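As annotated by Swiss-Prot, motif ''HIGH' region' applies to 11-21. Here Swiss-Prot flags 260-264 as motif ''KMSKS' region'. According to Swiss-Prot, the feature ATP binding site maps to LYS263.
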Amino acid sequence: MSKQVRVRFAPSPTGPLHIGGVRTALFNYLFAKKHNGVFYLRIEDTDQTRFVPGAEAYIMEALEWLGISPEETVGKNEKFGPYRQSDRKDLYQKYADQLINSGWAYYAFDTPEALDAHRKQHEAEGKTFIYNHHNREKLDTSLVISAEETAKRIANGEHYVIRFKTPVDETLHLKDIIRGDVKFETNLLDDKVLFKSDGMPTYHLANIVDDHLMETSHVIRGEEWLPSMPLHVLLYRAFGWDAPEFAHLPLILKPVGNGKLSKRDGDKLGFPVFPLEWKTEEGVSSGYREKGFFPEAVVNFLALLGWNDGTDKELFSLEELVEAFDLNRVHKAGAKFDPEKNKWFNHQYLIKQNDADLAKSFSTILEEKGFSTPLEVTTRIVSLIKERAHFVSEFWDLTDFFFQAPSSYDEKASKNWKEETPALMKELISVLENIEDFTSANIETIVKEWLTKNEIGMGKVMQPFRLSLVGALKGPHLFDIVEIIGKEETVSRIQKAISAL
């Protein structure tokens, strides 16, 4: 590319970062890295009424956990700082004034009550009220009152806004990297508010000014911002600046039904839609981190929501995603969020983890349950069951019988306990007690030799044997269980089963 790629993620700190925002950040990160560019984070907090304490720190922590931290942001490499819009508010006034002076904007003094009256009047006539060329010169604006009167009203502290003066009778033919050619009629656009009398710009003005001053080369954002594209392109024209290239990402859709995946869907349907847990007075919304997802799995899953590399490949490291990523392969249509596929990705990353690392995580769970087990034993157990798990948190239900004897026996499996079973189990105890090399392979060899020699069917012993140790017909290789729990515990559990069943 001819100029340096500089892309940004620019969230508003109005609450926890939704998974759709995370994907936007990820695609910006991948694009920047692919083109040896810069990915930066700008905090867009111009609407102070919606500001939520803790949200900014949450956004930064989430990106760090996911491994996609920005190179420039608040307090870090602020080359074009400040990177928080509320800290930049003094500079926006001059750009608003510039638009006034060049005829691209005007002052509007309409009160909320007056605007409401206009809306109601239009509704009564079966029309929709749009603040634009149709009525801007019939309203209380600097387009119809003198410059002296305008200055006097501002000096007297009267509330006003500065609105963009949208051109009339123009068809805008714009280019979007993902959607191709898009067309907008300026007569259908409203004159958006750019600046308020409290000295704060709206999103539209601050966004364009900052993208220009921070040398943003590409704006990669969600599809919900596509209707704002004509205004933003016109603002670049009004300032005489080159516009960046635009790419509008497809929506992430609900797993069932229609519409965009919302912040409420996760709690309602039982899966996380936030990278990290978010606590409020109303309750706790679950996060991927706290649910036991690996950040690499979340990144891999999100990358494939609306993009693929043109092959059937599904598992990508972050480095492989950077190498393969291409905005031209991002889909236009929305991508359905599949919670089961989400878990599948986590399973794929779990089974690739080092057994000892997983054992350390599992040891924390064991300690909470009152079990202190040598790490090498826990590591061996993990190696036997991790293929069956999506999360480390599932390990306990897959392994509880390694740590404690069953307190009950599966009713259906207990039907395998026949009249002759107790006698066979007592014989098995004798066989086990005489084994000196109590290792899985050796135990298996000796037990099977005993079965063959005495012409005893495998099912007559193996199923009751497993039921005695586990309490159900589940679990990894039976003789691995026997070795790990040891001879004494194995014999004790068989004796207990004989008494109970």
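From the backbone N, Cα and C atoms, a Cβ is placed for every residue, glycine too.
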Quick test of the contact rule: Cβ under 8 Å, at least six residues beyond the ends. What residues does that give for the motif ''KMSKS' region' (260-264)? 15-16, 18-20, 224, 251-254, 273-274, 285, 334, 337
Using a Cβ cut-off under 8 Å, which residues of the same chain at least 6 positions beyond either end of the motif ''HIGH' region' (11-21) come close to it? 41, 43-45, 47, 50-52, 55-56, 58-59, 62, 203, 222, 251-252, 260-261, 263, 272-276, 278, 285, 287, 302, 337
Between 0 and 100, where does the mean pLDDT of the motif ''KMSKS' region' (260-264) sit? 87
